[in-house]
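Structure record follows, encoded as structure tokens.
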Amino acid sequence: MAQTSPQKVLSVYLYVPNIIGYMRILMNCVAFALCFSNKTLFAILYFFSFFCDGLDGWFARKFDQVSTFGAVLDMITDRVSTACLLALLSQLYRPGLIFLSLLGLDIASHWLQMYSSFLSGKTSHKDVEDESNWLLKAYYGQRLFMAFCCLGSEVLYIILFLLAGSQSESVLDVCLNAMKQSSLLSLSLFLTLIGWGIKQVINIIQMKTAADSCVFYDMKRSN
């Protein structure tokens, strides 16, 4: 293995998209530290961190600073921030198991996808050209479609957090009451539910296809 100079290693850490990644981590830390004392500030910081998720990808392509480290940093930041918010929601709503199940699905799906991509020799978990499922291809192949699904999912979680009371309540009752009070909120919940629903379906498909890839790898290795 060829030695790499410390300057070159440092330069990757200081790529513009990676610096944005560090800022996202900092924003999320501040957001969750203030989540109970200032819900509005939490929502702003969390959403801006989510917005920067698309921004760092744009800068990576703009400045030709795409890196494996950046992709992993991006993935970890996304999964941890979403997991923390789902964990909070599981304590604010009944039944909390719904949100914990969503947390498990999100982590399992993306971890399997990353690992199966590694086994297949791919440089990115978003490389699904050889997959047969059209929805998975559309999700990773069409940026606007992916953005709609991710935006719907994250904004739905933010809305639920903002609507949560001081005591644990039924998530269905809270949503129905909120929709009765505001037509704008009703429309927002409806649109975000569509994006959220599609993303959960994609998570299930991704988990299954990634698991199949791991099994096929084992079968090839044993032959």
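Quick reminder: no glycine exception, Cβ is built from N, Cα and C everywhere.
Any TrEMBL annotation is an automated prediction that lacks curation.
As recorded in TrEMBL:
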type     : residues : note
TRANSMEM : 12-34    : transmembrane segment
TRANSMEM : 41-60    : transmembrane segment
TRANSMEM : 144-164  : transmembrane segment
TRANSMEM : 184-202  : transmembrane segment
Same chain, outside the transmembrane segment (144-164) by at least 6, Cβ under 8 Å from its Cβ: which residues?
35, 39-40, 42-43, 46-47, 50, 53-54, 82, 85-86, 88-89, 92-93, 138, 171, 174-175, 178, 185, 188-189, 191-196, 198-200, 202
Within-chain partners of the transmembrane segment (184-202) [C-beta distance under 8 Å, separation at least 6 from its ends]:
102, 105, 135-136, 139, 148-153, 155-156, 159, 175, 178
